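S.K.: In case it's useful when we look at the structure, here is the feature table from TrEMBL:
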type	residues	note
BINDING	ARG24, GLU84, ARG124, LYS451	(6S)-5-formyl-5,6,7,8-tetrahydrofolate binding site
DOMAIN	218-375	domain 'TrmE-type G'
BINDING	228-233, 247-253, 272-275	GTP binding site
BINDING	SER232, THR253	Mg(2+) binding site
Amino acid sequence: MTSDSATIVALATAPAAGAVGILRVSGPAALEVGRRLAPGVPASPTPRHAYLASFVDATGAVLDEGLFLYFQAPRSFTGEDVVELHAHGSPRLLRLLLARALEDERVRPALPGEFTRRAFLNGRIDLTRAEAVADLVAADSEAAVRAAAAGLSGALAERIRALETPLRELHADLEGVLNFPDEAEGADAEAGPRVTALRSVAEALRAEVGRGRLVRQGARVALYGPVNAGKSTLFNRLVGEARALVDDEPGTTRDALEARVEWDGLGVTLYDTAGLREAPGRVEALGIARTRELLAAVDLAVLVLPPETSREEAASWTRESGATPVLVVTGKCDVIPGTRDTVSAVLPSPAPPRVSGLTGEGVEALRTAVLTRLWGGGTPSAVALVSERHADALRRTAEALGRAEAASRVSTLEVLSGEVGLALEALGEVSGTSVSEALLDTLFQRFCIGK
Ligand SMILES: Nc1nc2c(c(=O)[nH]1)N(C=O)[C@@H](CNc1ccc(C(=O)N[C@@H](CCC(=O)O)C(=O)O)cc1)CN2
Ligand SMILES: Nc1nc2c(ncn2[C@@H]2O[C@H](COP(=O)(O)OP(=O)(O)OP(=O)(O)O)[C@@H](O)[C@H]2O)c(=O)[nH]1
Ligand SMILES: [Mg+2]
């Protein structure tokens, strides 16, 4: 796919002071370049052995003492010869070492994601694994780390293969019948049902994009409701610190406030919003407009109602969230006796949790209820990280299979096989078996330099 034989170099660690900083070189000239920086290392170093070596400048003056590692092609991350210099984590020192490596005309700085791209191009990892590397680096919740780690060890690759292999077999059978009608007679017999089954597998995988997004980016949850219901008090309680101002004056919160929490490993961005009411002041009205905008954008809206809310009022407050799913809670439950629960009497069972931001009562149950609404029973870390890009390719796969299904009933074998071929091609964009340079460019641009 690419004939780029340049040797690339980049810092593999963040450009900040740290305990250790790593310079990574990959390509045919890696060993020579590495040994120019660390001349004490033998000409044929033992692969994967950590040599303690002096790193020197052009005059031979010692710049640092560190570890030298040689990975011999193809047994390396990129599949090429790789040398790593593990120096002390001084950004300035590392820049000196980098500049020295670049003095060799066969060496150039690595582009973002280029090490991983080479690993992909050299067949060390498939595209889903390469993307999992980026997901892992970007992960900011435990669930995101675990899900990306599963992707790195091939969880998504395996599921794609489970679709791609039978699809390829079907395609081969159909082409066989078309090209060698005598020998392959009957190989297309079950084509219709096979297409149908594969299509539902593609659809099921595609449907996981929502959960993938929740894990990757975290869920967005907004508290909303009438003014003075106790939203900010509850928000502070959920966040674990006094972030929002609280006052008995209705209309205290004017602007949406956000805080990031991690619940059961899932990243959650919580929003406190301006309470809704008729005839607010001018600034408050701006806040209310923002509340409505936010309600449309979040994954779940938690409606906090005062204990005295009537069933009609409760129903009309619920409608405020529009298409966003709502979880209703009765707030300030410490002021009412346990049995009198006007809201839960009128809303669908199970009864909305009763919470008190003031005392903390019911807050743990609310947290659980929120997670259940976001996740059902599943485990966030077990989710296949289907990205928007994957989902788009899977949509085109499923659409082609839909047309193939129709073709199996009303059209020729050529048309049917053609559609199955198109489905395969679209699916190949996920695994990387059919992928353009342009797509790889966009994909790897999102990586950081040195990855
Ligand atoms: N110092 C360092 N740490 C690192 C990396 C690295 O490149 N350097 N990695 C980079 O992201 C990750 C580790 N990933 C790696 C993946 C494969 C191979 C490798 O040598 N693979 C060979 C041999 C496998 C074997 O012998 O078991 C291969 O696939 O053939 C190395 C690192 C995270 N930590
Ligand atoms: N008894 C009791 N009082 C509460 C509780 N939560 C809030 N309050 C009180 O109710 C008043 C309003 O609380 P906030 O948390 O500011 O209510 P809010 O919904 O954010 O109000 P706005 O921002 O004005 O919409 C304050 O005086 C709080 O002390 C609660 O759980 N129990
Ligand atoms: Mg408030």
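Glycine too: its Cβ is placed from the backbone N, Cα and C atoms.
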S.K.: Sort out the sequence-distant neighbours of ASP247 (GTP binding site) for me: same chain, 6+ apart, CB within less than 8 Å of its CB, listed by position.
M.R.: none
S.K.: At the Cα level, what's the spacing in Å between GLU84 ((6S)-5-formyl-5,6,7,8-tetrahydrofolate binding site) and LYS231 (GTP binding site), rounded?
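M.R.: Rounded to a whole number, the Cα-Cα distance is 53 Å.
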S.K.: Just to be sure I understand: of ARG24, ARG124, PRO250, LYS451, which binding-site residues have a C-alpha no more than 10 angstroms from the C-alpha of SER232 (Mg(2+) binding site)?
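M.R.: Near SER232 (Mg(2+) binding site) by Cα: none of them.
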S.K.: For a Cβ distance below 6 Å to any atom of ligand 2, name the binding-site residues from ARG24, LYS231, THR253 that qualify, or say none.
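M.R.: Near the molecule: LYS231, THR253.
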S.K.: Any of the binding-site residues GLU84, ARG124, SER232 with a C-beta atom under 6 A from ligand 3? Give them in order, or none.
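M.R.: Listed by sequence, the hits are SER232.
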S.K.: When DSSP is mapped onto helix/strand/coil, what comes out for GLU84 ((6S)-5-formyl-5,6,7,8-tetrahydrofolate binding site)?
M.R.: strand
S.K.: For the (6S)-5-formyl-5,6,7,8-tetrahydrofolate binding residues given in the record (ARG24, GLU84, ARG124, LYS451), what is the largest pairwise C-alpha separation in angstrom?
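M.R.: The two farthest binding residues have Cα atoms 18 Å apart.
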S.K.: Counting other CB atoms within 10 A of each CB, which of the binding-site residues GLU84, ARG124, LYS231, PRO250, ALA274 comes out lowest?
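M.R.: The binding-site residues GLU84, ARG124, LYS231, PRO250, ALA274 were compared, and PRO250 has the fewest Cβ atoms within 10 Å.
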S.K.: Within the chain of ARG24 ((6S)-5-formyl-5,6,7,8-tetrahydrofolate binding site), which residues six or more apart in sequence place their C-beta under 8 angstroms from its C-beta?
M.R.: VAL9, ALA10, LEU11, ALA12, VAL82, VAL83, GLU84, PHE115, GLY450
S.K.: For the binding-site residues ASN228, SER232, which one has its C-beta crowded by the most other C-beta atoms within 10 angstroms?
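M.R.: Its Cβ has the most other Cβ atoms within 10 Å: SER232.
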S.K.: Restricting to the chain of THR253 (GTP binding site) and a gap of 6 or more, list residues whose Cβ falls under 8 Å of its Cβ, or answer none.
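M.R.: Same-chain residues close to THR253 (GTP binding site) (Cβ under 8 Å, separated by 6 or more) are LYS231, SER232, ALA244, LEU245, ASP272, THR273, ALA274, GLY275, GLY287.
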S.K.: List the Cα distance (Å, whole number) between ASN228 (GTP binding site) and LYS451 ((6S)-5-formyl-5,6,7,8-tetrahydrofolate binding site).
M.R.: 50
S.K.: So what's the mean pLDDT when you look at the domain 'TrmE-type G' (218-375)?
M.R.: 89
